[in-house]
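Colleague: Can you read through this structure? Questions will come right after.
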Amino acid sequence: MGAMTASPGRRVLLAAPRGYCAGVDRAVIAVEKALEQYGAPVYVRHEIVHNKYVVQTLEKKGAIFVERTEEVPEGNIVMFSAHGVAPVVHEEAERGKLATIDATCPLVTKVHKEAVRFANDDYDILLIGHEGHEEVIGTSGEAPDHIQLVDGPEDVAKVEVRDPSKVVWLSQTTLSVDETMETVDALKDKFPQLISPPSDDICYATQNRQLAVKQMGAEAELVIVVGSRNSSNSKRLVEVAKQAGSRAAYLVDFADEIDETWLDGVTTVGVTSGASVPDVLVEQVLEWLSRRGFEDVEIVKAAEESIIFSLPKELRRDLREEAASLVAERGGSGTAGA
């Protein structure tokens with residue numbers, strides 16, 4: 001059967017922003033630069049970001065992903081993923097005589113620092129997040145004696161604190177904004193003196209991607225979210241789409257996972273992607289839809305993003321030293337080829 005022609009009634013609403021956030025971009029580039037700088041293999045503790053395509057691409061270039069620090073042979077380089085790690089992991093790396101590169105997203109590092117500061121002031125810290133997620137494990141490890149995990153409003157009833165006047169909430173950076181505030185409201189009902197973090201812990205990229213989906217959800221009968229099933233922020237986009245009024249929303253890693261029956265009775269399809277997703281995967285989804293008559297694409301713009309994070313300091317240091325060495329070999333700064 002040949003490709004369908006575009007129908008005036010069929011269209012795609014394409015979310016903007018979508019895909020890579022600054023923290024993911026930094027982490028992926030860090031692995032690529034480390035492979036260039038040190039050669040393969042470069043070990044990465046946990047998936048650098050939660051995206052199957054990205055991980056497979058980096059594996060082909062020589063990255064080796066491990067779940068435990070002890071899996072890295074002594075004397076090698078290990079990079080910590082964008083989700084962050086607990087202090088005990090740094091200690092494990094030191095015992096294993098491993099050189100470390102910390103690719104933790106700076107916005108996650110901010111939450112870690114808040115946890116340490118409030119723990120030092122002897123606050124009970126209520127961490128809103130999903131049990132077992134790597135980011136939550138890392139943040140909890142910063143102050144294990146002070147942090148309690150609150151996995152949604154239904155967890156609030158069982159929360160106990162030592163002093164109701166010294167309680168603060170923090171959150172995983174990739175949650176649904178609405179769901180988090182529902183949990184915060186429930187916590188405030190129980191602990192009226194609950195303190196909020198100095199600034200919102202849910203990252204700008206998570207909020208912007210959810211806002212774009214909210215704007216398209218009322219018009220799109222179907223929303224396709226490109227992202228992996230272990231990606232918290234991608235799964236939240238599916239939930240947000242349904243809450244915004246979309247009849248159906250699905251998470252796919254690749255275009256070939258889309259079921260044609262999803263298009264039955266659909267004239268408007270919303271398309272977005274999680275913060276760990278390269279745009280090439282979205283382009284493949286758009287091509288798939290175009291071949292089925294959904295050729296008209298409208299951008300739904302919720303925000304501008306211009307944030308860029310610098311590479312991990314360990315990598316910047318070694319790149320600077322290499323550049324200085326090359327200059328010295330060529331007879332001094334700025335004189336080569338003069």
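Placement of Cβ uses the backbone N, Cα and C atoms for every residue, glycine included.
Under the heading [4Fe-4S] cluster binding site, Swiss-Prot lists Cys21, Cys105, Cys203, citing sequence analysis as support. The feature isopentenyl diphosphate binding site is assigned by Swiss-Prot to His50, His83, His133, Ser231, Ser232, Asn233, Ser276, with sequence analysis given as support. Here Swiss-Prot flags His50, His83, His133, Thr173, Ser231, Ser232, Asn233, Ser276 as (2E)-4-hydroxy-3-methylbut-2-enyl diphosphate binding site. Annotated dimethylallyl diphosphate binding site per Swiss-Prot: His50, His83, His133, Ser231, Ser232, Asn233, Ser276, in sequence order. Annotation comment: Swiss-Prot describes Glu135 as active site, proton donor.
Thinking about packing and proximity, how do these listed features fit into the structure?
Modeller: For Cys105 ([4Fe-4S] cluster binding site), the same-chain residues 6+ apart in sequence whose C-beta sits under 8 angstroms from its C-beta are Gly23, Val24, Arg26, Ala27, Ala82, His83, Gly84, Thr173, Cys203, Phe309.
Contacts of Ser232 (isopentenyl diphosphate binding site) defined by a Cβ separation under 8 A and a same-chain sequence distance of 6+ are given as His50, His130, His133, Glu135, Gln172, Thr174, Leu175, in order along the sequence. Secondary structure from DSSP puts Ser232 (isopentenyl diphosphate binding site) in a helix.
In the three-state DSSP classification, His133 (isopentenyl diphosphate binding site) falls within coil.
There are 28 other CB atoms within 10 A of the CB of His83 (isopentenyl diphosphate binding site), with all protein chains counted. In this structure, His83 (isopentenyl diphosphate binding site) belongs to neither helix nor strand by DSSP; it is coil.
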Colleague: Could you tell me which of these binding-site residues, Ser231, Asn233, Ser276, has the greatest number of Cβ atoms within 10 Å of its own Cβ?
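Modeller: Sorting the candidates by Cβ neighbours within 10 Å, the top entry is Ser276.
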Colleague: Quick one: which residues besides His50, His83, His133, Ser231, Ser232, Asn233, Ser276 have a Cβ within 8 Å of the isopentenyl diphosphate site's Cβ centroid, in sequence order?
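Modeller: Near the isopentenyl diphosphate site, the remaining chain residues are Val49, Glu134, Glu135, Thr174, Asn230, Ser234, Gly274, Ala275.
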Colleague: Which whole-number value in Å describes the distance between the Cα atoms of Cys21 ([4Fe-4S] cluster binding site) and Ser276 (isopentenyl diphosphate binding site)?
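Modeller: Cys21 ([4Fe-4S] cluster binding site) to Ser276 (isopentenyl diphosphate binding site), Cα-Cα distance: 7 Å.
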Colleague: If you measure every Cα to Cα distance among His50, His83, His133, Thr173, Ser231, Ser232, Asn233, Ser276, the residues said to bind (2E)-4-hydroxy-3-methylbut-2-enyl diphosphate, what is the biggest one in Å?
Modeller: 15
Colleague: Using a 10 Å cut-off on CB atoms, tell me which of the binding-site residues His50, His133, Thr173, Cys203 is the least crowded.
Modeller: His133
Colleague: Counting all other Cβ atoms within 10 Å across every protein chain shown, which of the recorded positions Cys21, Glu135 scores highest?
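Modeller: Result for the most crowded candidate: Cys21.
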